[in-house]
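S.K.: Mind having a look at this structure? Questions to follow.
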Amino acid sequence: MLRKSIYFSLIALVFTKGFDNLKMYKLEESSIMFPETNFKTYERPELEKRDIIDENNNELELVQIGKRRVLYKRNNLNVTEIAKQFMEQNYPNIDYVYQSILDFDDESDIASVHLAQAINGEEIANTAININIDKLSGGIISSGVSVWENIKPNINSAVDSQTMDVTEAIVIASENLELTNEPIDVNNLTVDKLFGNYYKVKGVPFSHDGTLKARKLYTGVSQSKAERVWELTVEIDIDYVLIVVSIDSRAVIQLQNLTHHIAYKVVPFNRPNIGNTSRVTYNDPFLENFSPLGWHQDISNTYHDTRGNNVRLAENRDGNDSIEENTYISSDSNGNYEFKYDGNTNKIEGNQKAAAANVFYLTNMLHDMFFKLGFTEGYGNFQTNNFSGRGKDNDPVLVFISDRGGKNNAQMSVSVDGISPKLRLYPFNVIDGPERDPSFDNEIITHEFTHGVSNRLTGGPNTIQCLTEEEANCLNEGWSDFFANAFQFRNDRDRNTPFYLFRYVLDEKHGRKYPITSDTSLNPLTYADLSYNKNNQKKIDLYTGCEVWSVMLHEVFWNVVEVYRNDPDFFLKEKQNLTYAPSNFIVMKMIIDGMKLQPCQPTFITARDSILSALDNFNGTNTKLICCFWLGFAKRGLGINATGRREKGSKVIYTNDFTIPEECNKYNILG
């Protein structure tokens, strides 16, 4: 999502645009409650040694997985048993089910166990538990628990649930929300088992592709009451929509938009857009460690168009939603994707082939880069075939370019692991002159792709509702802005260079309020700017929060890359066997690892602490590196003693603190 003055809210509970036939449906506030998160970090075990060199020509080395040594082992149980022990000791009266166990010996010394509160063995949707375990010591390093302490099922749930099947829930959703003009004939609906407790329903008239996914579970509607529900995930017009139908009341009680709005001649990966950059040609730029079959092949097929294991890209000039009914872009006669670009064409279709080459290159490169950073198959990345056997197959990113299903927009719709996300790129006409195609704006594509990453990693790959609360939503947008910035790290920029996002398609009135820069005369934002008056607005301004988080991460990024050896070209194939870890890569990896560790519905403080926990696992003895991170956060008000949300009358207040750990004072000349 780029700008609220043009784009509708992409994580909204009631829609104002996007599909006109959906009536405004007022939801009870209690139906969308999420319990407060109890987030804790724990003292790490003492280390005998850690194979990291603090100062080696200002180079950083990644610790080898499993090479750390601890003085003592705290727990000899496996990670599942450790999580069970944690719940028995701390939440003995809470029933729970396992959602995902992310324990990969070749990827990390940390295992993450994701649970959900349950009633009679069935998940309560709006709950989340994550327990992060240091596997070498058996110690828990952090936990985030969002549960209802005294919740009970509605007394009618057990009886009523036997009398409502998914087809009736679909009829109720259609009638409540006026999704169809004619009554739905349930005889035209077919239901097939999908995976886990999910079903796939075909013949749905209000679905753009005629299908939806459904599962039966509980949801908390107050602190003490849970209702049995059918949860429907469906595409309506251009959006993934989650509709929750109560089996007890036989009505819609929750509505949520899940959308975040060979030789290739392309805009280079670390350049912003075609407006100020010449295209270059890359030969076979894929990274074998992350795309072992290249970008045009999966286990079953070899393609000579914009299809492969990671991405399927088609033009969508008719606005049709089905990827199969649209046209993939074929290579030229030489098997390459080197197409001409005409800067004077009035309509984006005139450069469709060049656009396809750029987006296919960039989205595949983002797949490989985020895989390298830790968004792997087991953590729910986007692939047709998962070569490790981890995670779920059959969810490559489906990309629609030249999409006439909308305008002045770009969006990423993402669901749980195993269901393909959709990236849509619509024409822009905000700036006078010819239409502008976001397919040539690497910042927009990176921003939207990152939404898919942050949503899959936060809370684990089998949940999709962990970035919907006000601070979490701001963080979600901020990560996307940060990676759009960080991937463009180059030698011709420094920390004070103002970075204006999306200027290829947006003018100054419709872009971000401030550039991303360390120059406080150009960007004065701090943590306290999250504060607001409830008489004037209902929650944190999304874009203020987004810009606060992205500039904090920018400060951290530059503190590290100025001190340690970096490499602006680390994404190139020939740079995949470096003997050191480029500092720009390390910062991005710690942010990705922090997403894995943070609780569902993170706040600015818990997101910061999760990044620092990830850093401790990477290099707990390198005080200087840790201080680079602390100094970056503290410069923008998120120091040790910063205080989160508190209410005083009509004011919601966030309080700055610029304090850093005492051992960091000797480094307090950075930034």
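Backbone N, Cα and C atoms are what each Cβ position is placed from, and that goes for glycine too.
Feature table excerpt (TrEMBL):
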type	residues	note
ACT_SITE	GLU448	active site
BINDING	HIS261, HIS447, HIS451, GLU477	Zn(2+) binding site
S.K.: Between GLU477 (Zn(2+) binding site) and the residue listed as 'active site', what C-alpha distance do you get in Å?
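M.R.: Answer for this pair: 9 Å between alpha carbons.
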S.K.: Pick the one among the recorded positions GLU448, GLU477 whose Cβ has the fewest other Cβ atoms within 10 Å in this structure.
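M.R.: The recorded positions GLU448, GLU477 were compared, and GLU477 has the fewest Cβ atoms within 10 Å.
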S.K.: Counting across all protein chains present, how many other Cβ atoms fall within 10 Å of the Cβ of HIS447 (Zn(2+) binding site)?
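M.R.: The Cβ of HIS447 (Zn(2+) binding site) has 26 Cβ neighbours within 10 Å.
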S.K.: When a 10 Å sphere is centred on the Cβ of HIS451 (Zn(2+) binding site), how many other Cβ atoms does it contain?
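M.R.: Other Cβ atoms found within 10 Å: 26.
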